[in-house]
Amino acid sequence: MSIQTLLTILLPLLLILPPTTISFNPLTLTLVNNCPYPIWPAIQPNSGHPVLQNGGFSLNSLTHRSFPAPDQPWSGRVWARTGCTYSNNRFTCLTGDCGGRLECAGLGGAAPATLAQFNLHHSGADHSSYGVSLVDGFNVPLTVTPHEGHGVCPVVGCRADLLATCPGPLQMRAAAGGGRVVGCKSGCEAFGTDELCCRNRYNSPSTCRASTYSDYFKRACPATFTYAHDSPSLTHDCTAPRELKVIFCH
């Protein structure tokens, strides 16, 4: 039988075979509220990925919620909303608000907010990458803590309470309650310049540089992203963790 004849027979069979899918180990995401007050965690997927847990829920002090991560590659972010109230048929939060919704349903949150960022099940080796970003400012301390992964799987995040030390120009204060500090803005959020926001001609690794404002965040929390093209020194390569915990007020 010639090769051409063999290909004529096999090609239709190959076309009807189902595509091969990669099987990833089960992964649990756990959100833990160690803060002495309730928070409202929010979850936003990157484009093309599913919304988890409807995008948000309430979480009382010293409680947690666990749920399975998607069994396919997923990327997105998690943050805490604080000072949330429901009145006059409207749900609003002092920090991290997502358009006045309890369930964010894919919407992002208002700055300033501490962000946990994830890229799960990427590559055939089932790597899970994670990090904590202060690029959009700070509202609560948080860490990402992996369990039972292989390779380099550090705890990363920001444990410091930056609300207590936030420089005056970056402070976000509540309108009521004595004007207490509820968030610490980034330099971009506070001043909106192209240079601080890494926009336009500053939008490249060579022109987007650290500032005195991002340096404040970096000194307090070295293993976080503090401006758009930042590269934290603490790296990781975590394979097949069984659980990733986002611990607020760790």
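Even glycines carry a Cβ here, placed using N, Cα and C.
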Candidate cysteine (Cys84, Cys104) that TrEMBL pairs with Cys93 in a disulfide: Cys84
Candidate cysteine (Cys98, Cys221, Cys238) that TrEMBL pairs with Cys158 in a disulfide: Cys221
Which of Cys153, Cys158, the listed disulfide-bonded residues, has fewest other Cβ atoms within 10 Å: Cys153
Rounded Cα separation (Å) that holds between Cys198 (disulfide bond) and Cys104 (disulfide bond): 27
Minimum Cα separation from Cys188 (disulfide bond), reported as the residue among disulfide-bonded residues Cys35, Cys84, Cys104, Cys158, Cys238 that achieves it: Cys158
Protein Cβ atoms within 10 Å of Cys208 (disulfide bond), excluding its own: 20
When distances run from the Cα of Cys208 (disulfide bond) to each of the disulfide-bonded residues Cys35, Cys84, Cys93, Cys221, Cys238, the nearest one: Cys221
Candidates Cys98, Cys104, Cys153, Cys166, Cys238 (disulfide-bonded residues) - the one closest to Cys197 (disulfide bond) by CA: Cys166
